[in-house]
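Enquirer: Take a look at what Swiss-Prot says about it:
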- 140-164: compositional bias 'Acidic residues' (COMPBIAS)
- 214-297: compositional bias 'Acidic residues' (COMPBIAS)
- 307-317: compositional bias 'Low complexity' (COMPBIAS)
- 399-408: compositional bias 'Basic and acidic residues' (COMPBIAS)
- 482-607: domain 'DBINO' (DOMAIN)
- 1309-1473: domain 'Helicase C-terminal' (DOMAIN)
- Ser65: phosphoserine (MOD_RES)
- Ser115: phosphoserine (MOD_RES)
- Ser133: phosphoserine (MOD_RES)
- Ser616: phosphoserine (MOD_RES)
- 137-317: region 'Disordered' (REGION)
- 399-458: region 'Disordered' (REGION)
- 1462-1495: region 'Disordered' (REGION)
Amino acid sequence: MSLAVLLNKEDKDISDFSKTTAGKSAKKNSRERVADVAPTRVLDKKQAYLSQLNSEFNRIKKRDSIEQLYQDWKFINLQEFELISEWNQQSKDWQFDNTNDSQDLHFKKLYRDMSMINKEWAEYQSFKNANLSDIINEKDADEDEEDDEDELEDGEEDMEEDEASTGRHTNGKSMRGNGIQKSRKKDAAAAAAVGKAIKDDQTHADTVVTVNGDENEDGNNDEDNDNDNENNNDNDNDNDNDNDNDNENENDNDNDNDDEEENGEEDEEEEEIEDLDEEDFAAFEEQDDNDDEDFNPDVEKRRKRSSSSSSSTKLSMNSLSLITSKKINKNITINSDRPKIVRELIKMCNKNKHQKIKKRRFTNCIVTDYNPIDSKLNIKITLKQYHVKRLKKLINDAKREREREEALKNNVGLDGNDLDNDEDGSESHKRRKLNNNTANGADDANKRKFNTRHGLPTYGMKMNAKEARAIQRHYDNTYTTIWKDMARKDSTKMSRLVQQIQSIRSTNFRKTSSLCAREAKKWQSKNFKQIKDFQTRARRGIREMSNFWKKNEREERDLKKKIEKEAMEQAKKEEEEKESKRQAKKLNFLLTQTELYSHFIGRKIKTNELEGNNVSNNDSESQKNIDISALAPNKNDFHAIDFDNENDEQLRLRAAENASNALAETRAKAKQFDDHANAHGEEEEEDELNFQNPTSLGEITIEQPKILACTLKEYQLKGLNWLANLYDQGINGILADEMGLGKTVQSISVLAHLAENHNIWGPFLVVTPASTLHNWVNEISKFLPQFKILPYWGNANDRKVLRKFWDRKNLRYSKNAPFHVMVTSYQMVVTDANYLQKMKWQYMILDEAQAIKSSQSSRWKNLLSFHCRNRLLLTGTPIQNSMQELWALLHFIMPSLFDSHDEFNEWFSKDIESHAEANTKLNQQQLRRLHMILKPFMLRRVKKNVQSELGDKIEIDVLCDLTQRQAKLYQVLKSQISTNYDAIENAATNDSTSNSASNSGSDQNLINAVMQFRKVCNHPDLFERADVDSPFSFTTFGKTTSMLTASVANNNSSVISNSNMNLSSMSSNNISNGKFTDLIYSSRNPIKYSLPRLIYEDLILPNYNNDVDIANKLKNVKFNIFNPSINYELCLFLSKLTGEPSLNEFFRVSNTPLLKRVIERTNGPKNTDSLSFKTITQELLEVTRNAPSEGVMASLLNVKKHAYEREYLNCIQRGYHPNVSAPPVTIEVLGSSHVTNSINNELFDPLISQALSDIPAITQYNMHVKKGIPVEDFPKTGLFPEPLNKNFSSNISTPSMDRFITESAKLRKLDELLVKLKSEGHRVLIYFQMTKMMDLMEEYLTYRQYNHIRLDGSSKLEDRRDLVHDWQTNPEIFVFLLSTRAGGLGINLTAADTVIFYDSDWNPTIDSQAMDRAHRLGQTRQVTVYRLLVRGTIEERMRDRAKQKEQVQQVVMEGKTQEKNIKTIEVGENDSEVTREGSKSISQDGIKEAASALA
């Protein structure tokens, strides 16, 4: 670049630079090569220099062409490989004939090409290995030559010391002045790795490219300028491909900006390049590039350079080799002396350090065309000014050398100086002068001839070795810079272009291969069409034949299977028919066995006659010919009987034998129990009736026992005969009379019969529910006073004492035994089962036997294990939910006959329950056989058949609609429930979930959900009650008398001080004498405000400073029309009109408050004028007017007033409820106690307080009796009505009871119903399922002031007895609240004639028993039953299920299929009633009475 500065005449602003800088830089680069040129060999050295430069460019061109060939070979090889692979992939399905020899013809050419390619690759490898050895030898020679040059340079170091010292001084100032050199040296050190790769390529060259330059420029300028490029190369080596693209884009942008700055210079240089002759390039000699290590694979592996840097360098070198043939260099003639040239060099170095021109002006390269066929790449390269001038110089030097040689050969005779002058003259028009002095000494310089010892041209100036090396180093750096610029800018573009070309070529190859494949397939389809058609037809024929035979085999197999299946079905059907016949015979055998036994027992005890039913002849046709008493008892094993071979007659005989055997076993068991008892008891007389032999009893009629203290009715006496016959036969039974027919007295009468007629006084065991224990004890004591009763209940210690009365030695008790009958509960039986099982009981009675309806319960199992001669079950509802409960009772009394529940279920349960649920057709024959089996063991009479004086009860279902709050709660529950609502309703209708003890977790969750819905139907307050609302009271409350009394006694001054009283003024004497004043207002505000006296006197107190007194005087005196001094005529007229003698009275009244005027008028003096006469009525009214507001007299005289206040004023409710309340702030005026007392006592005015409050009763008594004050003289009190006083005197708001009633549909209807029933004189039983609902009902009854009592499960046994007694004897009690489970069993509540079910039980029989507490013997009035239901809720589903259960009971017990008579009344939102009749007509009077009650 220094040569370009010398040639550039326009650069005249270069600053001075130190001359010693070159010396300092020379020491750092002392190992640079310098050519020793002799003065006598100037032309030879120039020629050598030009030849060396030409060889450099030729070597670069050759390297690029080899690289291009190598890349083309690799690309073609890869494409051929991909083409072959794709072709093979597409030709996999080609089929060839194995016998044809031409099957591999299409592969032979391909194999031949592949072998040729492999051979070429081997030759190329050998060529590369040979070149590698030559490169190594050349490197060794270059190193020897460098050693020689170093020795030459050491000799010249002494000559350069002076210049070096001067350069250091100047350089030091420059560095301290600018502060740039240190940073550039650091950047140069960081770029050493990249510069090393470029210097390696320079060492491979034969000679140095440049001969001019400056050492200082190399050390400072070149290093500084190369830092950016080298740093970018380092970044390219360290970063990924993504970062490479970013760096390339940044470099391209920088280069583009540099190109824009020198567009004008490039245009001029390109015009000069186009004028050059192409003949000038013939002088360059071509040499082989033996040092090409870049294309050797082995050497390339050892080099760890960046791929982007190496590819960019190669591409730039290729581009430069193509452009060297187009550049022309000019011959350089120096006309100035050595100091001027040195100054120009210093200016050149300082110019590069300037900030504005610090950047290099890089070369621009553009690819214009690429021909892949000829492997020709056309590149347009635009060089900057410096590069163009350098090439011009080189080309001109070569041209001059060529002309000089031609002149020498032709003997022109021109010497070297003339030639130089000609050359200088020819090129003088193209050169620019460095300064004004160059033109003056131009001719002298051309005439001088210089000879140098080192062989380098000095161009007419004296140049030492150091300056020559600097110029050489400059051209070396310029050469490196050119390659860096081209590598950085153009390599990426060329790489992208090559990749694009390769992708296009790959696409074309792929398309070509696909086209070849298609063409090959066409050829194949033409040649092999007949073969393919033949194969297709053969395959189709084979497939059709295979399908035909497969179809044929499948049809034969299906036909065979069908025949086998029909045969199996026929055999199965025959087996099923045979099995059904066998099962029918088994069922008939079992039924016949049971019927024979039942028929025999029925004839003995005559159950049909006792029930009042006529027996048809058809019922006993099958039993007339067989007498089981005459047959020999023989037990036939049921499983050993051959039901297939034996006929019906033989099976009947076997069944009769089994029935006879069962009868014999029953008798033997009873005889064994009696014999064992007789062995330990008293011996009986021989002539006494032997009751142990029932066959000798015959038909006898038992009379009522004499020890029974009552008279049995006819049907009860028949029941006694039936029970006695059962005992005689040793058979257990079920007394299932309808509730209220006296099952208790019948069971007591049979005990009296055994004691009186058979001298069996026990031990007898009676097990009852806990609620009927006292009733049984009372009944036995009442009807059998001679019996000793042992009530067995209480705690563990009490029961332990009671067990001492047991006599375990004697199995039969006498009259003098410790006890005769022990009464206990089911709970005690389970608790003390171990003790009770040790006793042998003569007779065990189970009251309310539905308690053992479950065969899985501990009650059933424990009671079944007791040792008893006979068992008697008392129940009004033997079937509550299903037929399984009936089987449990039957198995309990006859385990030998009813031993299998599955058989019983097969006989009756399925048919009857399905009939009740699905209303299917009932098998009447099967129902008749069931009744025949049950009759000997169960006696049931209905009230209407045996008790004519007891009328039918009227049942009415009252349907209500949900209120708004209930409907919202119901919908919220339905939306929040996780289970389907239909499943919940089904669970509500499932009876097993409510009674079974072993419910699953899911069923229990369903039941809980059902209970939530039932709570909504009953009352929404079951979820959340409305609380009492009270504001925060910012108040100091007054202390009551009791608190003050305790405070005085304890000398607690804090309480008294809070009450604004002095302890000294109080004494126990005053407290005990009651000298306290009753105050209706005692609360005070905790805040006390002290009003300044100045403000009071100036603003409030009337004075001359304000108009307070004037305004009051004007308003009350001057503007008052009743002032006599102003309006005398009006006052006189009013005085005459009213008879008031004083004219000032009107003025006084007008200034008196209204309340005080009313009080004064009522308390005014009586008129004692003798002329006024009053009647007795008027005097009584006068007394009435002044009567006190409390007491009996006030209540009697003010009935109308109290009714008005209760009905109307009570409805007034507070509309606003404040959150905070406080009395007025206490105001005190400092220094004025009068004002403070008047303000504080404003609410305690005696006249107002007395008028608003009531005089206590004790005070009235003392005033009238002790002090003798007449009643008419009492002050008027109670002017403020009590309801308003209750509602407005306090901010505490309680929940409204009216709203409490109206928010529940059931309670609202019940409220209307109770009003009617109360007015008509009825007494009501109300049954509940929830005790919490009973609590709410008690609040309602207290609000309505209905007299009521309550009995639930928490009531004690002694309390239950007293409650029942009070209900039966006290007619003032209007309502009896009972829980269905606790109050629905075993108690007599005939004092009530109305039963209301607020919510129904799961089991309809529980409700039936609860109804019969009132509808039983002793009831003389019509009984009406109301059932409250909510329409469209879960209660309707429960009611439907209850009706199905009731139908099952009717079918089994009565044989009826008609629905029960129930009247339904639907109450809508507007309280309109719609009556729906039942299936059977009932008493019209009862319906009218019930309807009138609901009206």
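Cβ atoms are placed via backbone N, Cα and C, with glycine included.
These numbers come from a predicted model, not from an experiment.
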Enquirer: Just to be sure I understand, if DSSP states are collapsed into helix, strand and coil, how many residues of the compositional bias 'Basic and acidic residues' (399-408) fall in each?
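Expert: Per DSSP, the residues of the compositional bias 'Basic and acidic residues' (399-408) fall into 10 helix, 0 strand, 0 coil.
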Enquirer: For the domain 'DBINO' (482-607), would you mind checking the mean pLDDT of the predicted model?
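Expert: Averaging the confidence scores along the domain 'DBINO' (482-607) gives 79.
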Enquirer: Applying a 10 Å Cβ distance cut-off over all chains shown, what neighbour count does Ser115 (phosphoserine) have?
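Expert: Other Cβ atoms within 10 Å of Ser115 (phosphoserine): 10.
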Enquirer: Which one, from the modified residues Ser65, Ser133, has the smallest tally of other C-beta atoms lying within 10 Å of its C-beta?
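Expert: Per-residue Cβ counts within 10 Å for the modified residues Ser65, Ser133 bottom out at Ser133.
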Enquirer: Distance between Ser65 (phosphoserine) and Ser133 (phosphoserine) at the Cα atoms, whole Å?
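Expert: Between the Cα atoms of Ser65 (phosphoserine) and Ser133 (phosphoserine), the distance comes to 21 Å.
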Enquirer: Rounded to the nearest Å, what's the C-alpha distance separating Ser115 (phosphoserine) and Ser133 (phosphoserine)? Just drop the number here, would you?
Expert: 28
